[in-house]
Amino acid sequence: MTYFLGLTGGIASGKSTADEFFEKQNIPIIDSDLIAHQIMEVGQKGYQAIVNYFGSNILNDDQTINRHKLGGIVFNDKTKLKKLNEITHPLVHQKIKQQMERYRLNQEKLVVVDVPLLFESGFESLCDGVLVISISPKLQVKRLMKRNNFTKEEALVRINNQMPLSEKEKRATYVVANTGTIDDLEKRLSDLLQKIGR
Ligand SMILES: CC(C)(COP(=O)(O)OP(=O)(O)OC[C@H]1O[C@@H](n2cnc3c(N)ncnc32)[C@H](O)[C@@H]1O)[C@@H](O)C(=O)NCCC(=O)NCCS
Ligand SMILES: Nc1ncnc2c1ncn2[C@@H]1O[C@H](COP(=O)(O)OP(=O)(O)OP(=O)(O)O)[C@@H](O)[C@H]1O
């Protein structure tokens, strides 16, 4: 039986950094941010629906969607964010489920399913356990500002568009803190794999 470990956390709490560790252990990852990007590529199912709703001013010169611009719009307008979610989430969920089914048929032992909005979208019911990568609010703002070149206000807007990380921690099966170095994180994840026994 495949064990599906849901992986979530707050924005910039360290999910992708955890994925890198799991990849090094040859554990397959289903990456929903990547899937969300793929369904918005020119010609893909999400593309036309997004352009129809948001207009061609969100396009780059080469007709691809300018995600930076789209992010600037939706994270400052709840109605528009809701609309983008309504367009993208069913398509993303369908692809995640297809990938899960493939791993199940291949009798893969452990698969990590990285879904930033896992609890927000009720995805935990499809997972055997959920790992939350946690971080303090202060460090989260600091890492997000640095990675995305955001002002403090921009970082806070993104953070506040998600369920509070403290709430995600309460709902988790496993919580791993990413408050130290990346080596510390990897050690904790390695201990977790022992605990799961896969
Ligand atoms: C708004 C978009 C265009 C911004 O693109 P950008 O390249 O700047 O960000 P990226 O996609 O890499 O996401 C970075 C992080 O933002 C957070 N985030 C993304 N989408 C959302 C959302 N709808 N609500 C709250 N937080 C979100 C997540 O923590 C994610 O890991 C993009 O995030 C998007 O299309 N979002 C809608 C699809 C979605 O919900 N994706 C999340 C996985 S299903
Ligand atoms: N332990 C750490 N020490 C220092 N920097 C870190 C650590 N863990 C992650 N980072 C950095 O913090 C930033 C956010 O980490 P990461 O991209 O893994 O978060 P994420 O949860 O995947 O974000 P998102 O929700 O946007 O997908 C990155 O620039 C990463 O290199």
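Just so it is clear, glycine is given a Cβ too, placed from its N, Cα and C backbone atoms.
According to TrEMBL, the ATP binding site annotation covers A12, S13, G14, K15, S16, T17. According to DSSP, S13 (ATP binding site) sits in a coil region rather than a helix or strand.
When other Cβ atoms within 10 Å of the Cβ of G14 (ATP binding site) are tallied across all protein chains shown, the result is 24. In sequence order, G9, A18, I133, I135, R143, N178 are the same-chain residues whose CB sits within 8 A of the CB centroid of A12, S13, G14, K15, S16, T17, the residues recorded for ATP being left out. Sorted by the number of other CB atoms within 10 A, the binding-site residues S13, S16 start with S16, the lowest.
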